[in-house]
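Undergrad: Just lifted these from TrEMBL, have a look:
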BINDING   B:Thr162, B:Lys188, B:Thr199, B:Glu281, B:Asn404, B:Ser409  substrate binding site
ACT_SITE  B:Thr199  active site, nucleophile
There are 2 protein chains.
Amino acid sequence: MGGTPPLSPLAPANFPELPVINGVRFATIEAGVRYQGRQDVMLAELAPGSAVAGVFTQSATRSAAVLDCQSKISGHSNQGAAILVNSGNANAFTGRNGAEAVQAITNAVAKTLNLPEARVFTSSTGVIGESLPHDRIRNKLADLSGALSEGAIDQAAQAIMTTDTFPKGSSATVEVDGASVQIAGIAKGSGMIAPDMATMLVYIFTDAKVETSVLQSMVSALNDTTFNCITVDSDTSTSDTLLAAATGASGVEITENSVGFMEALRRVMLDLAHQVVRDGEGATKFVEIAVTGATSDADAKTHAMAIANSPLIKTAVAGEDPNWGRVVMAIGKSGAPADRDTLSISFGDISVARNGWVDPDYNEDEAAAYMKGQNLQIRVDLGLGGGKAKVWTCDLTHGYIEINADYRS
Amino acid sequence: MGGTPPLSPLAPANFPELPVINGVRFATIEAGVRYQGRQDVMLAELAPGSAVAGVFTQSATRSAAVLDCQSKISGHSNQGAAILVNSGNANAFTGRNGAEAVQAITNAVAKTLNLPEARVFTSSTGVIGESLPHDRIRNKLADLSGALSEGAIDQAAQAIMTTDTFPKGSSATVEVDGASVQIAGIAKGSGMIAPDMATMLVYIFTDAKVETSVLQSMVSALNDTTFNCITVDSDTSTSDTLLAAATGASGVEITENSVGFMEALRRVMLDLAHQVVRDGEGATKFVEIAVTGATSDADAKTHAMAIANSPLIKTAVAGEDPNWGRVVMAIGKSGAPADRDTLSISFGDISVARNGWVDPDYNEDEAAAYMKGQNLQIRVDLGLGGGKAKVWTCDLTHGYIEINADYRS
């Protein structure tokens, strides 16, 4: 596996201090699913009455755990719920064995924690095409159950990592009708070493009291402008999973009109999404693509994603080259409406092109200096309408090739 | 520009011997459009009565020359036609100036060769966003006209290169009703150095007698399974152009039912398309992706292109890693129908996965040995229907990053 990859230069200075979410307890353990000498399984137990919502990969070859979660996500119970995650093995493309492994684990967790099996959610991340040794996980359930504690979310963020170079966490506190509600989330994603496949896993917890349907519609809506607006290399995982759980322990009721809560949830989701990009394979630059003036928001996102996924743009960013011609190219190929003669492009606040040609005041040296920064913005105005979108990506460097080609498993 | 890139390891041993196509004369010249010390303009003169057909980039930001060609392509004249191509400057994203430059050139060529302006086609390839110094080209037209000769197609293949590492040519001879028809073609594409943008240009000539509408429907149909089935990095040029010209000098009439001619034309187009991939930036492996068993041919192509454009698969090929899990991932994300449990994958003749799991006879060492070859095949059978497609690509290597990020202009 070529050893531990170096810490991403875009990593935050430290893991954030996350608040305790009343109604959730965490435990982690070393089960030896694949990795040795590190914790690789995490269990989260949710108090009776907790609501659980989720969004999942759209892949046609999604993993057994994803299929199982999807079948359970709209359910409800007053008995509580649990989330179990293992790293090291994705249990994807493992035929009938895959579903059997998920069932063996969910059944054992349900018995251990005295929960209905329909309220046990699992995720698996790591190598694909190999049978998940689910007995190694089941053998640790008694120990995991005995170790559950409210403060172990930091260790949970560590245990779900595969080749991530840093654990990812984020939180928010929001005042609702004079009472305080806490939100805390953890995520993993974007580090890969052949033959592992990236999976993005996200778990968000809150002590707010929210109905499942309201929580589901919130995370579905917010997902569109957070996790669905990031890309490292355009390759979609078989296992992407986001689960959000609301324990209700604060007693603060949240409805679909709770704008403050939704905004706090959005901030946590966006922060975690940005951290996944900042841990993108080989990344040295964090890039925001902001598209305005499109015929619709959907068209703006199509253009933004065409820019964010273009290997020519991503290599230009790596080379600190203000190559706006490649931005024109990406807009041209995206398939969404564009008119060359109303198109304007800026790098940060530097206008490089407007109305279909290079800005007469454009100074290449100034733009080249801007590109040396670590956090960059590419702005495009299409001059056609009011549609807009923002997406986030990283550059494409030798590090990406090294991680994905040079190391053999 | 970082000097001349090294010859692609996938380059053919030598430029092929191309037959003279009666009714076409070529000339090339050093006009100093951007490059110094090399020929950078080519002129092809087509005999009276020649039919011209073409296919062009679908980019919304296509260049002025492409827009001009598209407006003329369905026309006809008994006075002959001409094609003028310059390298070094793409005349793309140059506002109103772009169209004016095209008109200045086509007008001057028309006068010099005594042709209607509507029968003068031009292409430009190279840096984008800079005004084309069209006077440098117009000043050379008398010399070009005086130098026209039947045998100069080799020099034409050289003059249209930008950062290609080898010139590309192909030919075929086909017997029709006992008479011989010749087809010869040249192409450029896939070498890029920042801030140049790749353009793929293809020119095919035949002495067959073909009506414009028949020639057009043939190249449009054949383009779908040749040039539209190759990809180096998923980035679409603003200037891609294919022009096919039939002089009729052989006197051999070709109709829409001339299967032998169409097959010969297909071979030439496919050979040129493969040469473009073999000159892909940084390429060290040539990869055929063959998808069968899809719900339709279109769905098969969607899957094949998802595989061919996946950075994770392209880096795995570069690393000689038989990483079939990434093939599963690409099929899952393509958006076309797939069923994990009927899916089979082979590398060459080595079956790696079938019916949704790894083949019980799969031997990783054998597959790893296969991946060391220079010409590879990834075969996927979806087990759903009769749809099939083949596409061609190359690997993603450090060379690609070097060419597009490390060299600053």
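Glycine is no exception: its Cβ is also placed from the backbone N, Cα and C atoms.
What TrEMBL says about a protein is an automatic prediction, not a curated fact.
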Undergrad: Would you say which of the binding-site residues B:Thr162, B:Asn404 has the most Cβ atoms within 10 Å of its own Cβ?
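TA: That would be B:Asn404, with the highest Cβ count within 10 Å.
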Undergrad: Please give me the CB contact count at 10 A for B:Glu281 (substrate binding site), counting all chains in the structure.
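TA: I get 27 for this one.
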Undergrad: Once the chains shown are all counted, how many other Cβ atoms turn up within 10 Å of the Cβ of B:Lys188 (substrate binding site)?
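TA: Around the Cβ of B:Lys188 (substrate binding site), 30 other Cβ atoms lie within 10 Å.
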Undergrad: Near chain A, which of the binding-site residues B:Thr162, B:Lys188, B:Glu281, B:Asn404 can you find when the cut-off is a Cβ distance under 8 Å?
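TA: Qualifying residues, whose Cβ lies under 8 Å from chain A: B:Asn404.
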Undergrad: Please classify the secondary structure at B:Lys188 (substrate binding site) using three-state DSSP.
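TA: In three-state terms, B:Lys188 (substrate binding site) counts as strand.
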